[in-house]
Amino acid sequence: MTHGLVLGKFYPPHKGHIHLITEAKKKCDELTVLVCSLQREKIPGELRFEWMQNLFPDPKIHLIWVQDENPQYPEEDPDFWKVWRRTIESHTKRKVDYLFTSEEYGDPLSKVLGCTHTLIDLERNSIPISASQIRETPLKHWQWIPELIRPYFVKRIVLTGSESVGKTSLTQILAKHFQTNWIPEFAREYLESKENPMDESDFLPIARGHLLSEVEAAKTSNGILFLDTDLLTTKVYLERYYESEIPWLTERALGLKYESSLFLDIDIPWIQDQLRDLGEERESMRTRFLQAMKEANRDFYWIRGDYREREKQAIKIVKQIQNLPMNPESFTKELRRLRNFE
Ligand SMILES: NC(=O)c1ccc[n+]([C@@H]2O[C@H](COP(=O)([O-])OP(=O)(O)OC[C@H]3O[C@@H](n4cnc5c(N)ncnc54)[C@H](O)[C@@H]3O)[C@@H](O)[C@H]2O)c1
């Protein structure tokens, strides 16, 4: 029975890692994969380990989370190789026969472990990607991010503002321009299909429906997800119509984080439709929205001018957002809890 070893940070796991592990598994009976994380890293080790468990459910692949705060390069510590041997031996149940890497350090490491080194793809020709490239500009390297972890890297852009400022049409235009998906305002869909007039009890199902559609849409997004409003808007309307609040909603309206918000101003004509009734309150509604943004501690971009001008401004902003690095906030336990649909 041959025993192979792969070690990595998987910060984050990508398709190159999947290639390495798949190839390694073909060459041995049992494979141990050590997921090594450090406290200071921006994606928590616990989450990386959970992702790896989901990516490799094979019972012959043993995943082990290593939290030793070891030196990272030989020049950092004269005992570097001894330290790593100790870590590896204390986290593997059996003697390692083969070490699989795509690294030059595979040779010296296999020597101290007393095993054979099998180099898989030093030049990374098969899957030309590194984890640092993904951290730097995830959207540019979307194809190499495993599908199940993509939602964590999606850049969510919310369009906010009072009634009749062009949110829905701008959201659709942006989604089309950037060839990605968007979610409509759930309240509209919900209320249009309701026979009786809206009442206070509608707000919780609206909020839950909106969040659920955000979570679902992030799974198939190609990197940017446009949201026609979010729970902050639901919170503002609940206050305006009923002077009321729902703790579940408030916690998420204020706690959920988005890559960016576009705040649409009221400098275009108000258009009546069957769900709108606040045409006389445009100024005061804008003030309520601005207060809510402040309360939620959200930065935003103003979007003003006629429809064409709004479109131009928004596209320019989104192009900048596309090139941003990963956002460490997306990986916090708190955000995962708020987005988790129990
Ligand atoms: N630098 C050294 O000399 C050295 C020596 C021993 C241990 N370590 C430690 O080992 C741990 C893991 O190291 P890491 O930085 O290599 O982890 P990593 O997550 O970057 O990579 C894990 C493995 O996947 C391989 N890989 C990455 N991209 C690939 C691709 N596109 N195609 C095929 N294979 C690909 C890597 O070569 C490596 O073998 C770290 O904590 C590190 O400090 C480092």
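Note: Cβ is positioned from N, Cα and C throughout, glycine not excepted.
The domain 'Cytidyltransferase-like' annotation in TrEMBL covers 6-136. Annotation comment: TrEMBL describes H14, 69-84, 101-103 as NAD(+) binding site. Feature annotation from TrEMBL assigns domain 'NadR/Ttd14 AAA' to 156-310.
The structure, with features from TrEMBL marked on it.
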residue: H14; record: NAD(+) binding site; contacts (Cβ under 8 Å, 6+ apart): I127, I129, S130, A131, I134, H141, W144, I145, P146
residue: P71; record: NAD(+) binding site; contacts (Cβ under 8 Å, 6+ apart): D77, F80, V83
residue: P74; record: NAD(+) binding site; contacts (Cβ under 8 Å, 6+ apart): F80, W81, Y105, P108
residue: S102; record: NAD(+) binding site; contacts (Cβ under 8 Å, 6+ apart): G16, L20, L119, I120, D121, L122, R124
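Residues of the domain 'Cytidyltransferase-like' (6-136) grouped by DSSP class, helix first, strand second and coil last, total 52 helix, 24 strand, 55 coil.
A Cβ distance below 6 Å to any atom of ligand 1 is met, among the binding-site residues H14, D77, F80, V83, S102, by S102. Taking each of the binding-site residues D77, F80, V83 in turn and counting other Cβ atoms within 10 Å of its Cβ gives the largest count for F80.
Confidence for the domain 'Cytidyltransferase-like' (6-136), expressed as mean pLDDT, is 97.
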